[in-house]
Amino acid sequence: MAVVSTDLLEDGQLKECIIIKENAKSPVDNRIWSKSEKKQWVIGLFSGTTFLYAARTIMPLCVVAVSEELHWDKTESGMVLSAFFWGYCMTQFLGGVLSDRVGGDVVLPIAACMWSLITFWTPWFAYLSTDKKYALYIVVLSRVLLGAFQGFHYPGMTSIISRKVLENERSFTYSVVAAGSYVGTLLTGSLGSVMLDEYGWQTPFYCIGLLGISWMLLMRYMLIAKHRRRNGGLSIYSDPFHEKANKLEPKASVPWLILLTKPAFWSLLVGHFCENNAFYILLSWMPTYFHENFPSAKGWVFNVVPWVITIPSSVGSGYLADVMINSGFSVTFVRKFMESIALLGTAFFLSLISFASSYYTCLTCLALAVACCGFHSSGILVNPQDIAPRHAGSVFGMMNMAGAIPGFIGVYVAGHILEATKSWNAVFGQTAVVCLFGWIVFIIFGTGKKVI
């Protein structure tokens with residue numbers, strides 16, 4: 001049992017000195033997950049990311065069938081696909097700030113409840129009006145709201161991991177959790193394709209929506225509740241030994257003026273923008289590309305293969321990054337090495353598509369381009385935890401807000417280019433150039449050192 005002695009200071013403040021037995025868990029250690037706790041949370045967050053991306057990728061999977069039924073052209077399809085990112089962009093910063101202040105364990109379940117319900121109701125939204133124009137606007141609005149609530153997930157997840165996982169274990173932990181995005185896309189591409197072909201485009205929305213609600217309930221009333229009971233009813237961020245003292249101290253605000261003067265911060269924004277531009281274009285338009293160029297190809301193949309090989313690339317890159325850091329390589333070198341594979345590899349394979357003509361060659365190039373995106377998880381995506389560990393959620397939110405911009409600009413512009421030129425090579429070519437620009441900026445200005 002701890003022995004507590006109190007002394008009154010001259011200024012009237014109460015000083016609490018906690019003396020703990022040698023075999024007791026220290027307050028510092030209490031703030032870091034134990035091995036079993038980390039395993040439980042990684043599984044929980046991985047599952048949430050899986051269902052998050054499964055919900056996000058249903059519309060790209062079904063857009064051909066939906067556009068045929070509702071009579072959308074490619075520009076209108078691009079508007080629907082890009083609408084998600086308008087909402088996604090708006091809540092990134094707010095999600096980071098709220099997660100750093102009240103806890104990601106508070107923010108994530110509330111957001112998950114809303115994006116799951118919107119996913120479940122999407123087919124109903126499409127039939128609310130018999131007028132094509134109004135039906136389109138309703139679907140676009142639902143996509144904006146879906147993006148807005150999903151925008152809380154990654155900043156909240158980043159804030160949790162930065163506070164509860166040791167620095168030399170974060171790359172692997174984060175890459176495993178982030179790999180859920182590829183598993184979710186794989187889930188939609190495989191089971192979603194079967195449901196689409198057999199039962200119509202509405203069924204995937206209903207099923208994934210129910211899965212998201214189920215995850216939220218399990219997370220909230222089992223995992224989070226269990227850890228709060230251990231923590232005296234407090235947020236998982238809180239240290240029960242010092243909770244009284246923490247309440248007396250104001251929350252540390254993010255020093256934005258200092259951060260905005262750091263080239264490392266801007267390199268994060270630019271690099272993440274450029275990588276996301278490639279990823280979101282592939283995510284949104286790849287099913288349409290194969291439907292148009294190889295109409296006899298099986299949807300479950302090209303909607304599954306790229307994401308199957310991306311899962312080991314994401315998890316493997318995180319493991320490799322932690323091994324390199326523990327072997328003596330600087331964090332800066334490791335982050336730039338991983339991001340070079342991500343950006344240069346994506347640009348290279350997208351450029352090769354211009355010279356490819358057969359189905360299997362194109363599938364291989366696009367699959368490898370997506371697989372290279374997996375290395376982004378142990379490069380820029382985890383870098384906010386390096387440069388601003390105390391404010392990782394807020395910094396990630398700002399970074400991901402910039403990263404969401406190509407979602408609505410790049411995806412919409414890609415649809416407009418296709419409508420005007422009918423050229424997929426033009427889309428892939430300009431995407432490769434953007435990747436090269438992002439790589440140059442991050443290689444010159446990026447760092448793995450703490451800047452604030």
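Just so it is clear, glycine is given a Cβ too, placed from its N, Cα and C backbone atoms.
As annotated by TrEMBL, domain 'Major facilitator superfamily (MFS) profile' applies to 41-450.
Taken from TrEMBL, the feature transmembrane segment applies to 41-66 (among others).
Annotated transmembrane segment per TrEMBL: 78-99 (among others), in sequence order.
Panel annotation: around the transmembrane segment (106-128), residues 48, 51-52, 55, 58-59, 66, 70, 95, 98-99, 134-135, 138-139, 142, 145-146, 149-153, 156-157, 201-202, 205-206, 208-213, 215-216, 219-220, 224, 235 of the same chain, lying at least six beyond its termini, place a Cβ under 8 Å from a Cβ of the stretch. Residues annotated as transmembrane segment in TrEMBL: 106-128 (among others).
Under the heading transmembrane segment, TrEMBL lists 134-152 (among others).
Using a Cβ-Cβ cut-off under 8 Å and counting only residues 6 or more beyond its ends in the same chain, the transmembrane segment (172-191) has close neighbours at 38, 42, 45-58, 61, 157-158, 161, 165, 204, 207-208, 283, 299-300, 303-304, 307-308, 310-311, 314-315, 317-319, 321-322, 374, 377-378, 381-382, 385. Sequence annotations record features per position, and here TrEMBL assigns transmembrane segment to 172-191 (among others).
The transmembrane segment annotation in TrEMBL covers 203-223 (among others).
Here TrEMBL flags 265-288 (among others) as transmembrane segment.
Taken from TrEMBL, the feature transmembrane segment applies to 300-321 (among others).
Distant neighbours of the transmembrane segment (341-360): 271, 274-275, 278, 294, 297, 317, 366, 368-369, 371-376, 379-380, 424-425, 428-429, 431-433, 435-436, 438-439, 442; these residues of the same chain sit at least 6 beyond its ends, with a Cβ under 8 Å from one of its Cβ atoms. Residues annotated as transmembrane segment in TrEMBL: 341-360 (among others).
Under the heading transmembrane segment, TrEMBL lists 366-383 (among others). If you look at the transmembrane segment (366-383), the same-chain residues 6 or more away from its ends with a CB under 8 A from one of its CBs are 170-172, 174-175, 178-179, 182, 268, 271-272, 275, 278-279, 282, 286, 289, 302, 305-307, 309-314, 317-318, 320-321, 334-339, 341-346, 349-350, 353, 399, 442, 446, 448.
According to TrEMBL, the feature transmembrane segment maps to 395-415 (among others).
Summarising the annotation, TrEMBL assigns transmembrane segment to 427-446 (among others).
In terms of C-beta pairs under 8 Å, the stretch of 41-66, 134-152, 203-223, 265-288, 427-446 lying closest in packing to the transmembrane segment (78-99) is 134-152. Regional average pLDDT for the domain 'Major facilitator superfamily (MFS) profile' (41-450) in the model is 89. Sequence-remote contacts of a segment are chain residues at least 6 beyond its ends whose Cβ falls under 8 Å from one of its Cβ atoms, and for the transmembrane segment (427-446) they are 263-264, 266-268, 270-275, 277-278, 281, 285, 332, 335-336, 339-340, 343-344, 346-348, 350-351, 353-354, 380, 383, 406, 410, 414, 417-418.
Put simply, of 41-66, 300-321, 395-415, the stretch with the most CB pairs closer than 8 A to the transmembrane segment (265-288) is 395-415.
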